[in-house]
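A short worksheet on the structure shown next.
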Amino acid sequence: MGLGKLTILCVWVFLGVLVGIASAQLSTTFYSSSCPKVLVTIKKAVKSAVSKEARMGASLLRLHFHDCFVNASTFHSLCLHCHGCDASVLLDGSTGEKSARPNNNSLRGFDVIDTIKSKVEKLCPGVVSCADILTIAARDATVALGGPSWSVPLGRRDSTTARSHTIGQSRCTVFRFRVYNDTNINSQFATSVQSKCPSVGGDDNLSPLDVTSPTLFDNAYFKNLQSQKGLLHSDQELFNGGSTDAQVNAYSTNSASFLTDFANAMVKMGNLSPLTGTSGQIRTNCRKTN
């Protein structure tokens, strides 16, 4: 699952800095009494969506990543005064994440979240936040693609404002320079990708970030980097004679270690400064504030 693995690497790099920014107000049993069937309902809906289109699993994971890291990506004061994982990524509007230039017509999975929210609202009106739905959906999407599972701390609330702040597949316009100009790239791999991405035109043509197993959750991404088959320049920099080479080597040979670290990282990421208590709101429609 190439798209998911790009997020994984970002999580792995960033969480070493942000590990201490978490919330003790979240609980894995938050909805046990107020909406006991929410986890089963979300899992069923995600499984159905991924079975129809495997790429959707990566898309849901990517949505969660962007929701949590839009603020964290600035790293101002280690983001101690900002909020992540608050479903702001789901809000419609001209100034939000959806319409940001790198993500316009790129981020996807919103309809799946809308469907899940509708089902959950019928079960427990006004109880489960869009932020929690997105966090749970990311876990269930990972599992649906053959990845690890983990217990999700819950109790997030939704933001009332949109914030401006790309797993699967990437657009030609993003990786064109690498496949035509970089020297640390496998020549046969470059030629293959060039067939889908001409030097001029075809900007929206897609290519998988993981050419070996684009719809499976495994450690092939790291093996591809060892063979200089990273689609993006930023990916290949993770294995290019630098300090991260050792970690790439470790994950490429020890899948269990990678899966465990990924699950732990996802929990930490989901805990990045969420809105809890009386902050924010529980949206009835994830696309707009109440």
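Cβ coordinates are placed from backbone N, Cα and C, and glycine is handled just like the others.
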Review point. Per TrEMBL, which of C10, C35, C286 is disulfide-bonded to C124?
Key: C35
Revision key, fill the gap. Bonded to C68 via a disulfide in TrEMBL, from among C10, C85, C130, is C85
Exercise for review: Name the cysteine that pairs with C172 in a disulphide bond per TrEMBL, restricting the answer to C130, C197.
Suggested key: C197
Review point. Between the recorded positions R62, H66, D67, G84, S88, which lies closest to D210 (Ca(2+) 2 binding site), Cα to Cα?
Key: R62
Practice item. Provide the number of Cβ atoms within 10 Å of the Cβ of R62 (site 'Transition state stabilizer'), excluding the reference atom itself. Key: 25
